[in-house]
Amino acid sequence: MAPVDPHSYTDGAHPVTAHAALAFYLDFAASTIHASALVTLSAPHTGDLLLDTRALAVHSAATAPAPDAAPSPIPFSLAADADPVLGTALTLALPPDTASFLLTFSTSPAASALQWLAPPQTASGLPFVFSQCQSIHARSVFPCHDTPAARITYSLLLNVPAQLSAVAAARHVARRDPVPSDHRGACDDALWCAPGRIVEEFEMAQCVPPYLFAFAAGGIGSRDLGPRTRVYAEGGDTLLDDAAREFAGVEDMVKVGESLFGPYEWERFDLLVLPPSFPYGGMENPRMVFLTPTVIKGDAAGAQVVAHELAHSWTGNLITNKTNEDFWLNEGFTTYAERRIVEVVQGEERAALNSGIGWRGLNRMMERFKDNMEFTKLKPKMAGIDPDDVYSEVPYEKGFQFLWRIERQIGRPAFDEFLKKYIANFKFQSIDTETFLEFLKANVPGIENQVDLHEWINGTGLPPDAMEPESATYKKICVLAAEFKSGKIPSEEEVADWSGQEWELYLENLPTDVEASQVTALDERYKLSESRDYEVKVAFLQLAIPTGCRCYFNEVEKCLKQVGRMKYLRPLYSSLARCSGEEEKMLAKRIFSEAQEFYHPIARGVAESILLKHG
């Protein structure tokens, strides 16, 4: 076997999936998808073929239907034991020169990529489901070569109750009545064509890594933002109106991206605001970015999350990391590209402030991984490691620092020329770090003698030529934060023009050994614990918990029960669990026991691991 990815059973000596025609019957009552997949390989194959699965029930495998031949069964087997990271290998014994085959299967109610919300859990009072396949969760939705090295095109039929609508990270073809020939054995005809069901049909003609497969279905409405941008949401007219205002400038951002990085290749850039249990700030699914409602802050600050997901349209979606060990190729490039977009749209000082916040976060990650410095590398070894367990800001911010270092060395005009050439050369490909370095050295002659590329990629910690960003606002905030230790709270004049980002940076730079009285005094003046901006609220609560300020436990509990974004769950559960007192640990366990059904499976697993680690 020639493995191509430490997180996949895919055999590099065999062809991989090129196209999947998927038919999904969404059974909301059972939190299950009954499905079929007509799989077309990149080349005909004979003998064993391995696919990734996780908690899937595979019902049948057969040769593809053909006009001149009836389908014949294909022997298949699922490994007896599931690997805790990889899931279960599905082995097919393909007849000679098999180019395509048909699988039928069902998902588990506990599928790690899917969250099913019952009507009482939604704003619309209708059931809702959404997928989140990054990093290695597509295998819990359909059997696939679940590695970014194997890009696919796909078609998707979603059979849903007629009162619901569906979206996907693909071109919407039609909303129509179901017909028996659609499902290819996903379920019986009577179920597929039952009264009160509708089919939403989608097509993705551009090849994408499996983790970018995405869909959602529920009581979804929409508002147009521009000629190729629209916002969707489950939450009614008020949320849609708020989202439309927050993201009004998206079309202009797309144009800025094109001017910096080349043509936008995905036709549309639509946004879906998901229920608050969505575990990330945003997910860059092509054509349909998924967003947490916490980015809607009423001051257009959420547009910066959108800038990041938009930047992925070039770096991450168009060019993709080959494995999760090369994740910085997605996120470091995208963080750099995001800040270039923000610089044009919101100004140099705002972009520099973002870089300052990122620098603070990167240094915090160095502390987090001080006992396992492997994960401070840009290219860590990850065999046997679940990517969700070591997800951090390192690939984002150290990757940004690396690219910024190259830009400083050769100058922005030369780096811009390199960046456009890089994107044009590798578009719709998945590459590894070594391929990038070869391209860099070929197109920027002598760079290896000017920047220590090996140290940046393979070294632990921060290289000596990493640089703290220059920002007047950033410096002012750091000075004010340092003065807090001696009891100085910033005056109303000093914070008059602060947005959530300034407050977040201030709070994250405060000394960790402050007194409870100082924390409460700060909150009495500025009501940070009650902020509508979760970045501010969580940063404050994270500061307050270790001081023993139990008066904030109610706010901590509300936060953990109202929002499932891992950016907030991780620090709050960690802060509670690390406290020396039993009261905080018991509070964390009680909140989790009461809130876990609200969390997406990925977030639930992260919170569980925190509580397990800190006992």
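Cβ coordinates are placed from backbone N, Cα and C, and glycine is handled just like the others.
Heads up, TrEMBL stuff is auto-annotated, nobody curated it.
Under the heading peptide binding site, TrEMBL lists Q132, C133, Q134, P279, Y280, G281, G282, M283, E284, R565, M566, K567.
Counted within 10 Å of its Cβ, the other Cβ atoms near E331 (Zn(2+) binding site) come to 23, all protein chains included. The Zn(2+) binding site feature in TrEMBL is assigned to H308, H312, E331.
According to TrEMBL, the feature active site, proton acceptor maps to E309. Counting only residues at least six positions away in the same chain, the Cβ atoms of G282, M283, E284, V289, L291 sit under 8 Å from the Cβ of E309 (active site, proton acceptor).
Per TrEMBL, the feature active site, proton donor maps to Y396. In this view, Y396 (active site, proton donor) is surrounded by 24 other Cβ atoms within 10 Å of its Cβ, with every protein chain counted.
Per TrEMBL, the feature domain 'Peptidase M1 leukotriene A4 hydrolase/aminopeptidase C-terminal' maps to 472-611.
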Response to the item:
Sequence-ordered recorded positions within 10 Å (Cα) of E331 (Zn(2+) binding site), taken from Q132, Y280, Y396, M566, are Y396
Discussion item. Per DSSP, what is the helix/strand/coil residue tally across the domain 'Peptidase M1 leukotriene A4 hydrolase/aminopeptidase C-terminal' (472-611)?
Written reply: 104 helix, 0 strand, 36 coil
Worksheet entry | Rounded to the nearest Å - Cα separation of Q134 (peptide binding site) and H312 (Zn(2+) binding site) | 14
Worksheet item: Expressed to the nearest Å, what is the distance separating H312 (Zn(2+) binding site) and Y280 (peptide binding site) at their Cα atoms?
Response: 15
Fill in: Annotated peptide contacts Q132, C133, Q134, P279, Y280, G281, G282, M283, E284, R565, M566, K567, maximal Cα-Cα distance (Å, integer)
18
Worksheet entry | Other CB atoms, at most 10 A from the CB of Q132 (peptide binding site) | 25
Worksheet entry | Cβ-based neighbourhood (8 Å from the centroid) of the Zn(2+) site, residues H308, H312, E331 excluded | E284, E309, A311, T315, G316, N330, F333, T334, T335, A337, E338, Y396
Fill in: Cα distance (Å, whole number) from H308 (Zn(2+) binding site) to Y280 (peptide binding site)
13
